[in-house]
Amino acid sequence: MNSKSSAASASLLMKQFKELTDPKKAIPSFHITLEDDNIFAWNIGVMVQTEDSPYNGGYFKAQMIFPPDYPYSPPNFRFTPAIYHPNVYKDGRLCISILHRGGDETSGELDGETWSPAQTVETVLISIVSLLSDPNISSPANVDAAVAWNKDRKRFNERVLQEVEKSKANIPEGFVMPTNDAYVAPKPNNSNEDVVDDDFWYESEDSLGDDQMDMSDDYEEEEEEDYEEDEDEEEEEEDQGEEVRKA
């Protein structure tokens, strides 16, 4: 990916960063800053505001790293440190379909459930905070947490509550934790916990913003230019080969 595309990615990320940190538009469940003013590295404080969730009241630190070709490739998300949750690996990585590349036939995930350029940082974050309160037990990253969630909810909740209290030390100085009624993330359709609600989780390709559509056009133009360059090189090689045969 060339510098032009990387600059377009940075521009798109800056726009989304400003929207998510605008006091009038920000989602109260997240506190977002940049790592050393790097628009490709976001520090995120995750707060679950669902009152009946054991994670309620915690301030869980995480980092989201974006690739140079965003939004064509998904960002990487990691809790720092890891939290006790059925879908969080011990190194803090999160197992969630929306952050997985599509096209992997062995994953068992439908392309409609995986990453697409139509996604935004906001849709990813909403998916993450919803998953914390409503784990996907059918695909656990932490088997012990999944078993505890299913068979010993009391032990599970006690472990999480310990982490909630410990996480409060991470609350930035001067930051005011949001109230529970400020925002409650929507939950997936309970009729089938393993099926993602497309109307909520995923936007259609037609709903891409202008910036993302412009990036898509630029990307296609780059691919066309590369193809034309390859054709020119092949023609030159053929001409050179013909000259050699004549000699």
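Residue positions begin at 1 at the first shown residue.
Keep in mind that glycine also has a Cβ here, set from the backbone N, Cα and C atoms.
Here's what TrEMBL has on this protein:
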type	residues	note
DOMAIN	8-169	domain 'UBC core'
ACT_SITE	Cys95	active site, glycyl thioester intermediate
REGION	182-247	region 'Disordered'
COMPBIAS	194-241	compositional bias 'Acidic residues'
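Cys95 (active site, glycyl thioester intermediate) falls outside any helix or strand according to DSSP and counts as coil.
Per-residue confidence over the domain 'UBC core' (8-169) averages out at a pLDDT of 93.
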